[in-house]
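Participant: To start, I am sharing the structure in question, which I have written as structure tokens.
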Amino acid sequence: MGANEQQDNKPRWGNLLLLVALATTFGGAVPTGYCIGVINAPSKLMKVWCNQTVHETYGSNLSSGGLELLWSCIVSVFLVGGAIGSLGGAGAANKFGRKACFLICGGMFTVGAVLFFFCRAAGSVEMLIIGRFIVGLASGLVTATLPMYLSEVAPLALRGTLGVFCAVGVTGGVVVGQVFSLADIFGTEDLWHYALTAYMILILVCYLPSYLLPESPKFLYIVKGNRAAAKRELQRLRGKDADELIAQEIAEMEGESNAKVQSSSFCDVLRDPRLTLPLIIVCCFHGGQQLSGINAIFYYSVSIFEKAGLSTVNAQWANLGAGCLNLCVSLLGPWLMAYCNRRTLMMFSCALCSVFLFTIAFVLFYIDQVSWFAIACIVCIMGYIFFYQFGLGPIPYFIGSELFEVAPRSVAMSMGSLSSWTCNFIIGISFPLLQNAWDAFVFLPFSITCVLLFLLTKFYLPETRGRDPSEVAPLVSKGFRSKVK
């Protein structure tokens, strides 16, 4: 084992591996985040256009409630598409391959961009809704398959590092979408459809070299049984002078392909008691990431900044600054995942986020009675965003690829992504209602979610850094009776 560990601990960044990481991140993850972040700033202008278009097309005027309902559909249909795309991710990843899923995502992003660009000229709200649904499908497929693809093409020492690229890309895409939708760029009455479409620049650039990208060697070897093709792709990824490393990885894949756990369908995975605990961990991590309130924080932060005395415009810029902080901290992710244990990072992140969320609720409740509480609330929001990216942000994206062997991995990643999109949809629908009903205390459930994730991590998540999934899987095979330490 000592020799293997020494071999594994040498990161090998070949040119092809770097191309895969950058092309898939900027061509898949960034457009996903872009479509999340771009819709907020021009919402008032788009609502006016929707109202005028419905009147011109159908001869009727929408009430304020009807217009809000229509806008809710335009926003939430993206999340519905994301959930459906996640659900189909397992079947697509095993049938077509990891690389093919990336190409399918590019096709759907392109179709969505075309619909966005021409919906205004065509005077069609339906094109806007269909476009949002299609890019939602693509985004769900990205979050279900991209971390799996990256972790399977990476050597063991770099799997956590590459696995976090998807999280960084989504976070960066949100910020880019916010920037492009500013009134100083494309967030105007005449140009908002350009804002919705601008991510196509990344699609064109990143998909041009797609013919060079390798298929996942593990997919070829274990799922398709094409050992010759798997070895060729490994040689391309690791280099011709890495015979020892290639032989070691092939031996690992041979052992995994001969393992008893060969569950590959949804029913197989759900029925296998050995996979129950890791599946619960993956789904709870993904869902808890959303239920920890990150999107609600960004939704509410503008009004908090206004309470601190900022104008509406400055509050929007401050909100963009919060997004940039989120992105900057996320850039530490690859380094953190390479040198820090997953359990430590996740517990550290959950504990501090819970404290900051509880403090936000307390400070908001008394914000009108204590003058400096407005500033304290801003500090707490920034503190929450900062520590969120240490564990809660990046780890759920790739933890499934480290807990599951190849055969059931696509189902697990798909279920986790489905949990994320579903909880995102629940937050988007329920948060404004709960905010009106509970006021400041709406942040307490988010704090409790972080506590529960802390406990789940402490007692049931085995350390996965530097371990092959074949070593980790037995540690969680006995369900809640497992001894993970």
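Positions of Cβ are set from backbone N, Cα and C atoms, glycine also.
Annotation comment: TrEMBL describes 21-465 as domain 'Major facilitator superfamily (MFS) profile'. Residues or ranges marked as transmembrane segment in TrEMBL: 16-39, 69-93, 100-123, 129-150, 162-180, 192-213, 320-338, 345-367, 373-399, 440-461.
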Participant: Please give the sequence-distant neighbours of the transmembrane segment (69-93): residues at least 6 beyond its ends with Cβ less than 8 Å from one of its Cβ atoms.
Facilitator: 35-36, 39, 43, 46-47, 50, 54, 62, 100-101, 104, 125, 128-129, 132-145, 148, 219, 266, 410-411, 413-415, 417-418, 420-422, 424-425, 428-429
Participant: Tally Cβ pairs under 8 Å between the transmembrane segment (129-150) and each listed stretch (16-39, 192-213, 440-461), then give the stretch with the top tally.
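Facilitator: The listed stretch sharing the most Cβ pairs with the transmembrane segment (129-150) is 16-39.
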Participant: Taking the transmembrane segment (320-338) as reference, which of 192-213, 345-367, 373-399 has the most Cβ pairs under 8 angstroms?
Facilitator: 373-399
Participant: Is it true that the transmembrane segment (345-367) and the transmembrane segment (16-39) have 3 or more CB pairs under 8 Å, sequence gap of 6 or more?
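Facilitator: No, the stretches stay apart by this measure.
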Participant: The transmembrane segment (192-213): which same-chain residues, six or more beyond its ends, come within Cβ distance under 8 Å?
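Facilitator: Tertiary neighbours of the transmembrane segment (192-213) are 16, 19-20, 22-24, 26-28, 30-31, 34-35, 38-39, 42, 45-46, 49, 99, 102-103, 106, 109-110, 113, 116-117, 119-120, 131, 173, 176-177, 180-181, 185-186.
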Participant: Applying the under-8 angstroms CB criterion, which one of 100-123, 162-180, 440-461 scores highest with the transmembrane segment (16-39)?
Facilitator: 162-180
Participant: Below 8 angstroms Cβ to Cβ, which residues of this chain, lying six or more residues outside the transmembrane segment (100-123), approach it?
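Facilitator: Non-local partners: 24, 27-28, 31, 35, 49, 53, 56-57, 89, 92-93, 130-132, 134-135, 137-138, 141-142, 145-146, 149, 192-194, 196-197, 199-200, 203, 206-207, 210, 213, 215.
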Participant: Restricting to the domain 'Major facilitator superfamily (MFS) profile' (21-465), what is the model's mean pLDDT?
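Facilitator: PLDDT averaged over the stretch: 89.
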